[in-house]
Amino acid sequence: MASSSVVVRVPATSANLGPGFDSLGLALALYDEIEASVHDDVGGSPAARSVQVSVEGEGAGELDLGEGHLIVRAMRAAYDRAGVPQPRGIRLRCHNRIPHARGLGSSSAAICAGLLAARALGADALTDDEVFALATEMEGHPDNVAPCLSGGLTIAWTELSGRPRKLELSPHGGVRPVVFVPRTRLSTETARGLLPKDVPHADAAANAGRAALLIAALTQCPRSEVLLAATEDRLHQAYRAPAMPGTADLVQRLRVAGVPAVVSGAGPTVLVFGTPDTHDLIASEVGNDWHIQPLDVDRSGAAVQFPETR
């Protein structure tokens, strides 16, 4: 195998960003880090496998510590896709900072970490495009996977052939994300289950225009009044509001006050594009039930290092 041990760092991500449903994503400077190693010194029959997982931080005491762990599943999928033998033993040490089930891309981060770890540890035949495609296949949609791998602002789409694609853009230096993380959780499956099969044509047209404006605002003109208009959504946030009333209420209050606020991913975290002149206003609208965290934009995406180079 290419190496017996590797360290992978993956960023949190916020998808949708208001109008860019299932297409726009932004990488945030909040990271999970894993140390992964593979080995063949497993006793018993030749088919025997050993998995050892430890978790610190988010998910400690909750996550599967065996073959069911999402990073392990991603590693196994990478070896299968690359057509190379599975390692008999896998060891993982996970240092998690990305909140789970909050709309900050924790599952995409785990999948990308597992795929990149496996590629560094024997599945090196996988190309970047194949890693992206497999991550999208496992996650179900590419809007978090794309910024997690590439960093910055990304536009993701699926070709008619089913092949996922992504385009990386560089956000303006004035883009200042702030996340408001509640104590409550919400699964992506629950949030998606609230969406209608069809939407009015006028709503789809409005979102198309806002998404185009948002790309321009985030890359060229991140003024609050432009971002406020650009982050208006008619496709998903209102439909999901019954599952996260506190989130919907906070987004509404912030927007009425002139602050560009959206639901991060499937929620319930709120993402704000803040500016120095809005910080006091933001603080006045938020109670003690939210953890407020200003974050830089991550511009490099997932990073792989070997211990000897750290």
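The backbone N, Cα and C atoms fix where each Cβ goes, glycine too.
As annotated by TrEMBL, domain 'GHMP kinase N-terminal' applies to 70-152. Residues or ranges marked as ATP binding site by TrEMBL: Pro99, His100, Ala101, Arg102, Gly103, Leu104, Gly105, Ser106, Ser107, Ser108, Ala109. Here TrEMBL flags 232-289 as domain 'GHMP kinase C-terminal'.
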- Sequence-distant neighbours of Ala109 (ATP binding site) in its chain (C-beta under 8 A, six or more apart): Val10, Pro11, Ala12, Thr13, Asp32, Ile98, Cys148
- Note on the structure: Across every protein chain in view, the count of C-beta atoms other than its own within 10 A of the C-beta of Pro99 (ATP binding site) is 22
- Item | Additional residues surrounding ATP, by Cβ distance to the Pro99, His100, Ala101, Arg102, Gly103, Leu104, Gly105, Ser106, Ser107, Ser108, Ala109 centre under 8 Å | Ala12, Ile98, Gly265
- Reduced to three states, what secondary structure does DSSP give Pro99 (ATP binding site)? coil
- Query: Which number gives the other C-beta atoms within 10 angstroms of the C-beta of Ala101 (ATP binding site), all protein chains shown included?
  - Reply: 20
- Name, in the order they occur in the sequence, the residues of the same chain whose CB lies under 8 A from the CB of Ser107 (ATP binding site) and which sit 6 or more residues away. Leu70, Glu139, Asn144, Thr188
- Query: Where does Gly105 (ATP binding site) sit by DSSP, helix, strand or coil?
  - Reply: coil
- Query: Using DSSP, what's the helix, strand and coil tally for the domain 'GHMP kinase N-terminal' (70-152)?
  - Reply: 46 helix, 8 strand, 29 coil
- Taking the Cβ of Gly103 (ATP binding site) as the centre, count every other Cβ atom within 10 Å, in any protein chain shown. 30
